[in-house]
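Lifted from Swiss-Prot, the feature list:
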type: ACT_SITE; residues: Cys129; note: active site, nucleophile
type: BINDING; residues: Ser20, Lys44, Thr45, Asn98, Asn126, Lys164, Ile190, Gly216, Gly242, Gly243, Gly264, Ser265; note: FMN binding site
type: BINDING; residues: Lys44, Asn68, Ser69, Ile70, Gly71, Leu72, Asn126, Asn191, Thr192; note: substrate binding site
Amino acid sequence: MNLKVKIGELTLKNPVMPASGTFGFGLEFKDIFDLKNLGALVVKTITKNPRLGNRPPRVYEVSCGMINSIGLANPGWDYFCEKILPQIKDLNDILILNIAGESVEEFQYLAREAQRFDEIKALELNVSCPNVSKGGIAFGTDLEALKQIVSSVRKIYSKTLIVKLTPNVTDITVYAKAAENAGADALTLINTFTGMVIDVKSKKPILGNKHGGVSGPAIRPMAVKMVYDCFKAVSIPIIGVGGIDSKEAALEFFLAGATAIQVGSQNFVEPGFMPRLIRELGEYLQEENIESIAKLTGLAHRGEENV
């Protein structure tokens, strides 16, 4: 049975990859399972300059998920390409670099730098992180800013360009179409929902940054609907993400319209979940006598023309 999928110019051996920010740079997981078995390796967000991130506490468990306010803590581009990239370039054949900037110029700088490295096969633009006061949420919810970022990076970057969208908007299909028209090769849907938790004893917000991004199974129904809606709105591949913790959860995303999927919070719960999921998806195709995982994409839309 065929698990291969195509994202932009890339052919992935299977549709399963980690969500940026939940898998580090892969180094913490390489002794748990062979990362070459993944469809791709998506690393945590890199910015031009080092970021210390938000003040702690940064992570808190909630019902059916978690809320985090990491604040894009990372060592910056120079350290990444000099110290980290040499360590991870052979972990998987398809390395996807997630980048964020505090200005259009910073996105352009990172795209120009990434273009120089053959090891980096694709970029995923983080225009949707809800934890940072500059960039992130502002870009992801400002339609004109989104268009400007994607189009400016597209002019510089010739390899596969993926845009990760925020769900914290009124109609995500408008942003999906804007990203496609600006030059995106694929979309990642979705990032986290903005949320807050309060300690009733201290009567203060628990997170150091007060608010953060909610992820995990609690957001899956909303994520599936957004993939479903965007599948009808755009013609480029969608990478579905949001609360995938089982084979059935993954299948929901494919049926809604996803070509590939990312696993986030579940990596903390079960570090070996992704290789198990890949195996179970293959078994599912065999049991259902489906020749290719690509055949599942968008099947939930069948018959809509008659509704």
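Note that Cβ sites are derived from N, Cα and C of the backbone, with glycine treated the same way.
Shown on the structure are the features that Swiss-Prot records.
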residue: Ser20; record: FMN binding site; CB count, 10 Å: 26
residue: Lys44; record: substrate binding site; CB count, 10 Å: 22
residue: Thr45; record: FMN binding site; CB count, 10 Å: 23
residue: Ser69; record: substrate binding site; CB count, 10 Å: 27
residue: Gly71; record: substrate binding site; CB count, 10 Å: 20
residue: Asn126; record: FMN binding site; CB count, 10 Å: 29
residue: Ile190; record: FMN binding site; CB count, 10 Å: 25
residue: Thr192; record: substrate binding site; CB count, 10 Å: 30
residue: Gly242; record: FMN binding site; CB count, 10 Å: 31
residue: Gly264; record: FMN binding site; CB count, 10 Å: 24
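The CA atom of Ile190 (FMN binding site) is located 15 Å away from the CA atom of Lys44 (substrate binding site). Within the set of binding-site residues Ser20, Thr45, Gly242, Gly264, the entry lying nearest in space to Thr192 (substrate binding site) is Gly242 (CA atoms). Here the C-alpha separation of Gly264 (FMN binding site) and Lys44 (substrate binding site) works out to 11 Å. A gap of 5 Å separates the Cα atoms of Lys44 (substrate binding site) and Ser20 (FMN binding site).
In the three-state DSSP reading, Asn126 (FMN binding site) counts as strand. Farthest C-alpha pair in the substrate-binding residues Lys44, Asn68, Ser69, Ile70, Gly71, Leu72, Asn126, Asn191, Thr192: 16 Å apart. Looking at the residues that bind FMN per the record, Ser20, Lys44, Thr45, Asn98, Asn126, Lys164, Ile190, Gly216, Gly242, Gly243, Gly264, Ser265, the two CA atoms farthest apart are separated by 20 Å. A distance of 15 Å separates the Cα atom of Asn126 (FMN binding site) from that of Ser69 (substrate binding site).
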